[in-house]
Amino acid sequence: MPVTAFDVKEKYRYLNGFDSYLESEAVHGALPIGHNSPQKPPLGLYAEKLSGTAFTAPRHENKQSWLYRILPSCTHAPFAPATSPSPSLSPSPSPSPSPSEQHDDDADELHYIPNQLRWDPFDHAPAGTDFVAGLHRLAAAGDPTLKQGLAVFVYACSASMAPDAAFYSADGDLLLVPQEGALDVRTEFGWLLVRPMEICVIPRGVRFRVEVVGGGGSARGYALELWQGHFALPELGPIGSNGLANARDFMAPRACFDEDVGAGRRYRVTAKFNQELFVTTQVHTPFDVVAWHGGYYPYKYDLGRFNTIGSISFDHPDPSIFTVLSAPSDRPGTAVADFVIFPPRWLVGENTFRPPWYHRNTMSEFMGLIQGGYDAKKGGKGGFEPGGASLHNVMSGHGPDADSYEGARNAELKPAKVGGGSCAFMFESCLMVGVTDWALKRCRKVQEDYSEHSWGELKVHWKGTGEAARGHLLE
Ligand SMILES: O=C(O)Cc1cc(O)ccc1O
Ligand SMILES: [Fe+2]
């Protein structure tokens, strides 16, 4: 077993800040001083740069990190498609495909349909399913080879990735939204413990391994893979200098390394590359980074720290007010992906229909529910349930279901706290998303009667233009 040169008490102490320039060393003196690439880096380490933007990207967008590690990441056998039983040039210690290599939905054709879609909670994973095997693509837009677009996944896993396994995505940054079960994410930069009501972002290229902790050894959640750019905090405009997600509440791991080199090709690294999985093996642990510095690193955020802001007079504001992270497109104010949450909050709007209004949006809206209920939709069996999802694609009309509408229309408008213990979220994108076969059929979770069930019973309140209505207009 690898030796972990790390004080366990230190494991969950994080560095704080969003889009900061950070540094961390697990061994004093491992970071070169005033140099990135000295002739002989300290302690016999190799220096390796990891780029998250072009070298020449403007300073305010530039994201790079320097890793000081025992061996650089190029020291591995050639990659082979993950379905191949023995991807390495030399014999693999586990010739049968690992659970991480049994994907089938990444290559699924995408279906573009204007219907509103909702899914019952997705199944928990069968025994022995690790994070990579348990990742299912639901929807996507764009093309990772052009670094444009995004993909939406759900995951369900019942087992930690093997101690000798690691995964990375060359396709994009992964935003993970756990819904059940905590994930202990071992990254090259250190550890991140990510529980339900927390999120994390693992940038493109960063190797990681997911351990399932708590939740009875089972975990379920949602993921967004951002093929273009990186997440930023939204502009605050007139809100001012604080509010929504505050930069200091983002947490980055501290350097922590394993030491294991030369005992045969025992480490398996799975790469997601153009939506296919490839595997290689190597003699050394990929988690051998003793120190790092830079602006390109994984991070986590506790959604409970979100400073929710809303109307204190009248009318329901646009949900942009709830944006945690935003990945901009080239058009100002237009996101490839916004990550938006609907946390518990006070509603005080006067003479206001307080739940979301009916609308058609040029953006696509994928929603999930981490816990509790959502104020515009009934919960319970056949409703919008934790672990389920909905998709309202570009210009697909939606809004509160009939019961929620009537309830809100007739509600006494005293201050009310909505969503106690609840949290829904939305991945909102300027792109029209296609839906996979797995999402439409194989997962068997689509609620066939979603639209009818939600809006079929909406009453006509129109008073008409007859005597009664004229009377009403004159009232
Ligand atoms: O469709 C939804 O439920 C999400 C949503 C919430 C809201 O408050 C306003 C607009 C919107 O799309
Ligand atoms: Fe919406």
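Just so it is clear, glycine is given a Cβ too, placed from its N, Cα and C backbone atoms.
These figures come from a predicted structure and were not determined experimentally.
Of the listed segments 27-46, 47-66, 367-386, 387-406, TrEMBL assigns region 'Disordered' to 387-406.
Under DSSP, H316 (active site, proton acceptor) is assigned to coil, being neither helix nor strand in the three-state scheme. Among the recorded positions listed (H316, E365, Y374), E365 have a CB atom closer than 6 Å to some atom of ligand 2, in sequence order. Between the alpha carbons (Cα) of H359 (Fe cation binding site) and Y374 (homogentisate binding site) lies a span of roughly 17 Å. Other than H359, E365, H398, the residues of this chain whose Cβ falls within 8 Å of the Cβ centroid of the Fe cation site are, in sequence order, P356, Y358, R360, N361, H392, S396, G397, G399.
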